[in-house]
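Everything below concerns the one structure shown next.
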């Protein structure tokens, strides 16, 4: 069955830019339908669907050098094709940017994960990819119930982190922080969750905002080359994903995640901008209240809350771009089956 759909595998066929990936459909002995739509895009349809069937987008490779999720996704697809991995949910697997992955670069012209807002952008390789991904989402979510829509966008962090894995929950106009989504996070042993406080330009935000999908950006370890990822540290995530796809009850115990709210976004305003810490500072490094950690022009950058921590710091961003997120730990609860905080 594998040879009839892929010459090597979903991942490595997608990366072989010298050979076309022809759209085709096959069915496994278990009755699962696999539709290869285009390079890097595979739809998987279970043999039977019902009112509880999820419509899940599982994407990776938005940044070309974040390869751990690609290796995991490739294994899931291999096991679906062979029949080893049961399928109970309709899935759209996406490997977004093969050209960048082949070069082992984050992007070619501009950051793909900043192109999903509704603002005009300069034409580029990445803008064409973003436009194509928007079309794929529209087609995949067409004629589906909002409650059935999920989107897990899988990444790796550029830098080390106090939390090896963490999730970013987008802020959308729809209720997209369901109890079932957060239960999956705990089952996957994702160490922390960041609750965004404003709209953004990411792929997962786009799904949440435009399709009311239960959406997350998941940061899984640190950037490495294909074959050099520490996948054993993502075992619980691997198992939780397999249980999610098959709708099986997990056999391993969940683990509580540390919850953070985004307290503010630091946007670079001046040429004279810098942080006081080194480039290898870890995500979620915390500061004391009032501690100065950088400057923007004449203005010092300081912690406004005790224990306020920094995530995704980048001193090299252009003026007007996000230079960091600041986060604080928060207690959460559920209202109407949605995660909230005071």
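Using N, Cα and C of the backbone, Cβ positions are placed for all residues, glycine too.
Swiss-Prot lists 63, 66 as binding Zn(2+), and of 121, 147, 151, 155 the one it places in that same site is 155.
Within 8 Å of the centroid defined by the CB atoms of 63, 66, 155, the record's Zn(2+) site, lie the Cβ atoms of 60, 61, 62, 64, 65, 69, 106, 113, 154, 156, 219, 223, excluding the listed residues themselves. Around residue 63 (Zn(2+) binding site), the same-chain residues six or more apart in sequence whose CB sits under 8 Å from its CB are 97, 100, 106, 107, 111, 112, 113, 155, 156, listed in sequence order. Proximity of residue 66 (Zn(2+) binding site) to non-local residues of its own chain (separation of 6 or more, Cβ distance below 8 Å) is seen for 60, 106, 154, 155, 156, 223, given in sequence order. Taking a C-beta cut-off of under 8 Å and a sequence gap of six or more, residue 219 (active site) has these contacts in its own chain: 155, 156, 157, 161, 165, 166, 167, 168.
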